[in-house]
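Chemist: This is the structure, below, for whatever I ask next.
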């Protein structure tokens, strides 16, 4: 009988193995297969945004100045959406709109679709990066799952919402003041603050902030092996074998404060994951609803009574009037291509006037 010793090895020159070895080897900045999507898309998205905010005007799409070159600052510069007449065109540089002319492409708003699409794929690449690294070091993939929340919000707001409307024009432009304008637009045209999905989103984000503050303070409060003298940084010593904080003490403290407390670390940290991610997903679902022009809560009985009785008004009816004002004043400013002119007598006024 013949016994063969040693291991069977594949052909060393296999292209996939060579690429896999190079992409996933241990280095200061991990690349990975996900990096083939992440790094180019992130580079182009950020590069497009810096280019647009520095040099490109929004005069031809919105009738606005939007670049540092025109006098804007960091808060007012933006990469603005294409004109409404371009609908949902991808606005490729070589497409029928720009016909390979880079200057014309920028004037038409081509940088917005460029930044939006590369940004979306860059975020997806970052989530895949977390999956890939988690698999490499044998972790659960909850980081990647949690990051699906911001991705869902980005995709719903910047892509799905304008796809449900008449064009990319109604998406947010990429800038601070531009996002504020979009928020006012959402309130005036969709009554977004009274939408239950927005309420769940606010509860999730603010609830997560509260949980983070409570959790961080509690762990700091219950650290032990805390060093000697004024130096407290030994609490973070990575070579300390045992735990650095007391879960039992934390449980007793919050049991006395609230009457209830987490007794299990896994449930506690899952809850801290669940609250913000669920909130972000609910917000994203709500924005998808707005893309289809679904309405928020309507308390019609209060509106009818307020219209009939000058002395009856609620915070809801006042908000409805404010929304009408936003629509009337904003539409003419925000959609100059419609040539909207509202006479004074049709502009909304509250009962107090």
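Backbone N, Cα and C define each Cβ position, glycine as well.
Got these off Swiss-Prot a minute ago, pasting:
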| type | residues | note |
| --- | --- | --- |
| BINDING | 118 | chlorophyll a ChlzD2 binding site |
| BINDING | 130, 143 | pheophytin a binding site |
| BINDING | 198 | chlorophyll a PD2 binding site |
| BINDING | 215, 262 | plastoquinone binding site |
| BINDING | 215, 269 | Fe cation binding site |
| MOD_RES | 2 | phosphothreonine |
| MOD_RES | 2 | N-acetylthreonine |
| TRANSMEM | 41-61 | transmembrane segment |
| TRANSMEM | 125-141 | transmembrane segment |
| TRANSMEM | 153-166 | transmembrane segment |
| TRANSMEM | 208-228 | transmembrane segment |
| TRANSMEM | 279-295 | transmembrane segment |
Chemist: Among the binding-site residues 198, 215, point out the residue whose Cβ has the most other Cβ atoms within 10 Å, with all shown protein chains included in the count.
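Modeler: Sorting the candidates by Cβ neighbours within 10 Å, the top entry is 198.
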Chemist: Using all protein chains shown, find which of the binding-site residues 118, 269 scores highest when you count other CB atoms within 10 A of its CB.
Modeler: 118
Chemist: Between C-alpha atoms, which of these binding-site residues comes nearest to residue 118 (chlorophyll a ChlzD2 binding site): 143, 215, 262?
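Modeler: Sorting the binding-site residues by distance from residue 118 (chlorophyll a ChlzD2 binding site), the top entry is 143.
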Chemist: Do any residues at least six apart in sequence from residue 262 (plastoquinone binding site), in the same chain, have a Cβ closer than 8 Å to its Cβ, and if so which, in order?
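Modeler: Residues satisfying the criterion: 251, 254, 268, 271.
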Chemist: Are there any residues at least 6 positions away along the chain from residue 130 (pheophytin a binding site) with a Cβ closer than 8 Å to its Cβ? List them or say none.
Modeler: 141, 143, 144, 147
Chemist: Using DSSP with the three-state reduction, classify residue 262 (plastoquinone binding site) as helix, strand or coil.
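Modeler: Where residue 262 (plastoquinone binding site) sits, the three-state DSSP reduction gives coil.
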Chemist: How many whole Å apart are the CA atoms of residue 215 (plastoquinone binding site) and residue 198 (chlorophyll a PD2 binding site)?
Modeler: 25
Chemist: For residue 143 (pheophytin a binding site), just count the other CB atoms lying within 10 A of its CB, please.
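Modeler: For residue 143 (pheophytin a binding site), the count of other Cβ atoms within 10 Å is 15.
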Chemist: For residue 215 (plastoquinone binding site), just give me the three-state DSSP call.
Modeler: helix
